[in-house]
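Data first, discussion second: the structure below is written as structure tokens.
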Amino acid sequence: SILQMSSSNKFDDLLTRLGTGRWNLMYFLSAGYWYLLLPGQTFSVIFMAPALNYTCRPPEGNHTVHVSEDSCYYSINKSSLVGVEEEEPCTEWDFDTSVFSTTLTSEFGLVCGKAYLRATFQSVYMFSTIFSSLISGYIADKYGRKVVVVVSMGLFSLISLVLTFVTNYQVILALRFFMGALSSATLYMLSMEVCEVKQRSVVGVVLGLPWAIGTMCWGALAYGIRDWRWLQAISSFPFLIIIPVLFQINESPRWLIVRGRHQQALHVLHRAARLNKATLPPEDQLCKMMNDIQAEAEMANTKSTRKGKQVLDEHRRWFTFPTPALFSTAKIRQITIVMSLNIFSCSLVYCGLSLSGNAYSSDPFLYVVIGGLMEVPGYTLSAPIISRWGRKKPIIIGWFVSGASILSLVFIPKDISWLVMVLAMIGKLAISGVFMVVFVYEAELLPTEVRLQGVAVIFVAGQIAATCSPYLADFLSPLVPWLPSVIFGVSSFVAGFSLFNLPETRGMALPDTISDLEELYKQNKFSETKKEEELEKLQT
């Protein structure tokens, strides 16, 4: 709305006046440092609970006849009768220690009937991030961004370190759940709120690079440390360094102004001006500007609430039961379903490839390092590509490249390890780029009045896929080696084809309401018709 744009522009102009300096860099460097360390906790299952070769070790003193082929059972002769055997489940195993000295797999016997618990170690973390997004967003809007950042990151760091000393696997899973629930994007959001407009696209891409670099560092660190407890401890200690720094950053001045805390906002703005060596308008002008921003934001919220109620009332006239706004018309329903499918497939393929080091490489450490390296061009090249060629076509091409490379793995003998690795890395490069662009595309397609609701629904679809992917990569792959590649490849093609009927958003005005989608589709159709006519003229 105009009121929202006016309020936003006033504060954005103030951020432009403050410029980019030491004050902003505190936020950017803190976020970058955090995302540099996060891959080691997010994908720790790769090196802490890997699939290992093992052999059943029957109890001493028993008259063991033979051990089953899968080393999950052994037969003993308990009777005096010759040939009468009883089968017993294995409870102890000898594990291969040629790659890892100790792991969760070997320490807690996560094989045979407990093999699914390896994937659960990863899955429980990804599942709990669903609650992280919902809870942290609500608290950050109500009580401020800084309190969420300090509390969640402080607890995350503490639990990560405590995990090193836990000797009960159920407690470890519980702690992993809490770590996922504490993993939020609030610091990223705070960094964007204090960033001047002209730098936001650059900062947004740059803050994605530490994740890729952190993934490479995680592979290198795990190569040097083969004991899971030492690996967890050494990867956790650096988190503690950032905690004192988080107390030095300020609350979002934008949030303080909207909440009516003008004196606190003035203090923050003066500190920002001092650190950035910039000058602010006179204090009376600042106070007037903050009053205007707060008033406009309150009016916009009131208008938005009233308008949202009118929209729902209108939908109830057409349907016999209350229908959620995201499914109220054919256009918004199509966008919600297709983008949910795309984010679901993105998470499924990205997490699946990230966790498939044992399936696609003989060296899991090298696989993780090169996988992180592939994400760098995926993140950095996406911005110039979509600014030139739009959003829709690059996503579709990325999906098809990803699908073709992954499906090809089904037909490549595992003996040709270099080709398997190359195809897997092409898939990782493509899906990394697709992931970045899909987030931009969904935000531009969803109307303002349902954007937050839509993003939340689509995010949940992605986290459901991330929760399932460990079972495909770790549990299903040993049973049916070709099936995960088929699932990842087919998912890529299905997601790509699903986008064909959606409009291109490059250069289009963002829709404010669900009814505005009709105009967006019409503009897109007119643009495509005009291109076809121009092409026909050139051909004739």
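Heads up, residue numbers simply count up from 1 along the chain you see.
Backbone N, Cα and C define each Cβ position, glycine as well.
What TrEMBL records for this protein:
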- 28-506: domain 'Major facilitator superfamily (MFS) profile' (DOMAIN)
- 25-49: transmembrane segment (TRANSMEM)
- 123-140: transmembrane segment (TRANSMEM)
- 147-166: transmembrane segment (TRANSMEM)
- 172-190: transmembrane segment (TRANSMEM)
- 202-224: transmembrane segment (TRANSMEM)
- 230-249: transmembrane segment (TRANSMEM)
- 337-359: transmembrane segment (TRANSMEM)
- 365-383: transmembrane segment (TRANSMEM)
- 395-412: transmembrane segment (TRANSMEM)
- 418-440: transmembrane segment (TRANSMEM)
- 452-473: transmembrane segment (TRANSMEM)
- 479-500: transmembrane segment (TRANSMEM)
- [ ] May I ask you to check whether the transmembrane segment (172-190) and the transmembrane segment (123-140) make contact, with contact taken as at least three Cβ pairs under 8 Å and only pairs 6 or more apart in sequence counted?
- [x] yes
Task: Arithmetic mean of per-residue pLDDT over the domain 'Major facilitator superfamily (MFS) profile' (28-506) - done: 85
Task: Contact call for the transmembrane segment (202-224) and the transmembrane segment (123-140): at least 3 Cβ pairs under 8 Å, seq gap 6+ - done: no
Task: Stretch of maximal Cβ-Cβ contact with the transmembrane segment (337-359) [cut-off: under 8 Å; candidates 365-383, 395-412, 452-473] - done: 452-473
TODO: Considering only the recorded stretches 123-140, 230-249, 395-412, state which has the highest number of Cβ pairs under 8 Å to the transmembrane segment (452-473).
DONE: 123-140
- [ ] Give the one range among 25-49, 123-140, 230-249, 479-500 whose Cβ atoms make the most pairs under 8 Å with those of the transmembrane segment (365-383).
- [x] 25-49
Task: Long-range environment of the transmembrane segment (123-140) - Cβ separation under 8 angstroms, sequence gap at least 6 - done: 42, 147-148, 152, 173, 176-186, 189, 351, 456, 459-460, 463-464, 466-471
Task: Remote residues contacting the transmembrane segment (479-500) - C-beta distance under 8 A, at least 6 residues beyond either end - done: 338, 341-342, 344-346, 348-349, 352-353, 356, 359, 392, 395-396, 398-400, 402-404, 406-407, 409-410, 414, 427, 431, 472-473
Open item on the list: Six or more residues beyond either end and a Cβ under 8 Å away: which residues meet both conditions relative to the transmembrane segment (395-412)?
Closed with: 342, 345, 349, 353, 360, 419-420, 423-424, 426-427, 430-431, 433-434, 437-438, 441, 482, 485-486, 488-493, 495-496, 499-500
Open item on the list: Given a Cβ distance threshold of under 8 angstroms, which distant residues of the chain, six or more beyond its ends, lie next to the transmembrane segment (230-249)?
Closed with: 26-27, 30, 33-34, 37, 40-41, 44, 47-48, 146, 149-150, 153-154, 156-157, 160-161, 163-164, 190, 218, 221-222
